Amino acid sequence: MDIEKIKREIEELKRQKNAIIVAHNYQIDEIQEIADFVGDSFYLSKVCAERTEDVIVFCGVHFMAESAKILSPQKKVLLPEIDAGCPLADMITEEDVDSLKEKYPDYSIVCYINSPAAVKAKSDVICTSSNAVKIVRNFPNDKIIFLPDKNLGSFVKKQVPEKDIILWEGFCITHYKIKKEDVLKAKEAHPEALLLVHPECRPEVVELADFVGSTKQIIDFATSSKAKEFIIGTEMGILYSLKKRNPDKKFYILHPGMICPNMKKNTLESVRNALLYDRYEINIEENVVEGARKALLKMLELS
């Protein structure tokens with residue numbers, strides 16, 4: 001495989017199609033290197049809403065590409081690997097939301113962006129890991145159903161104790177691998193290092209952290225910190241940006257299993273093929289787009 005040749009082809013196809021490539025922080029290094037924008041879900045949501053290009057190639061997982069389409073329905077949104085899904089997003093359905101609304105009519109639905117478009121469409125507002133606390137705190141209803149991630153929900157609940165928050169039982173299978181024992185071992189091995197974790201981690205892991213935040217917030221914290229060593233409790237794709245921005249600092253992944261197999265499905269070849277063959281295009285029913293867009297725009301308003 002001639003990597004440089006594929007990169008040149010991607011650049012040429014981008015010009016021809018008036019396209020941009022956006023990539024999540026968990027993507028493989030080669031994709032982050034060629035992307036026009038790299039970041040967390042919230043940052044990429046704003047990018048997709050604001051850019052004027054005709055085509056968005058979203059290097060992430062399915063729900064992220066859906067969100068890009070919802071915010072920019074007039075644009076062509078391509079997901080290089082159509083089977084790049086998210087087990088967490090699959091833990092909630094629109095039927096589940098209907099049941100919750102029937103059971104708790106006075107509660108508002110705050111939906112984590114890691115969810116299907118049809119679920120977003122039935123929610124009152126969307127949030128990301130970077131703004132979940134702010135969204136719940138600023139939302140005008142004190143009765144909240146937070147879905148689908150129970151760990152992020154637990155983190156929010158602790159930060160906003162004045163609100164009545166019901167949690168759904170979903171979780172990220174990658175972050176869920178980290179246990180308290182892993183943290184204690186890592187801290188023993190690297191006593192000078194600060195522990196930075198994602199709020200999708202278990203509550204007992206989050207409690208031991210020096211900083212809790214989204215991938216972008218973790219990168220920003222490590223970059224601005226005077227500390228020289230960090231234990232990182234999130235998917236290892238984040239190491240690319242951490243090391244690039246902080247070549248003089250040391251980073252240790254908290255658990256060797258911190259790899260999201262779905263995030264790693266996108267490759268340079270599949271990005272090239274996405275642009276070459278217009279695949280795989282994200283299409284969403286108009287009524288779903290309308291409801292989900294309203295909830296996503298509410299997020300941008302409240303944050």
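Cβ atoms here come from the backbone N, Cα and C positions, even for glycine.
Here's what Swiss-Prot has on this protein:
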- H24, S41, Y112, I113, N114, S129, H198, P199, E200, T215: iminosuccinate binding site (BINDING)
- C86, C172, C260: [4Fe-4S] cluster binding site (BINDING)
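The C-beta environment of C86 ([4Fe-4S] cluster binding site), restricted to residues of the same chain at least 6 apart in sequence and closer than 8 Å, consists of V61, H62, F63, N114, N262. Rounded to a whole number, the distance between the Cα atoms of C260 ([4Fe-4S] cluster binding site) and H24 (iminosuccinate binding site) is 12 Å. Cβ-based neighbour count (10 Å, all protein chains) for N114 (iminosuccinate binding site) stands at 27.
E200 (iminosuccinate binding site) and C172 ([4Fe-4S] cluster binding site) have their C-alpha atoms 7 Å apart, to the nearest angstrom.
Neighbour count (other Cβ atoms within 10 Å of the Cβ, all protein chains): 24 for C172 ([4Fe-4S] cluster binding site). H24 (iminosuccinate binding site) carries a strand DSSP state (E or B). Our reading of the iminosuccinate binding annotation (H24, S41, Y112, I113, N114, S129, H198, P199, E200, T215) yields a largest Cα to Cα distance of 17 angstrom. On the backbone, the CA of Y112 (iminosuccinate binding site) and the CA of C172 ([4Fe-4S] cluster binding site) stand 12 Å apart. On the backbone, the CA of C260 ([4Fe-4S] cluster binding site) and the CA of H198 (iminosuccinate binding site) stand 14 Å apart. Spacing of C172 ([4Fe-4S] cluster binding site) relative to H198 (iminosuccinate binding site) is 11 Å (Cα to Cα, whole number). Secondary structure from DSSP puts Y112 (iminosuccinate binding site) in a beta strand. For the binding-site residues H24, H198, the greatest number of Cβ atoms within 10 Å around a candidate Cβ is found at H198.
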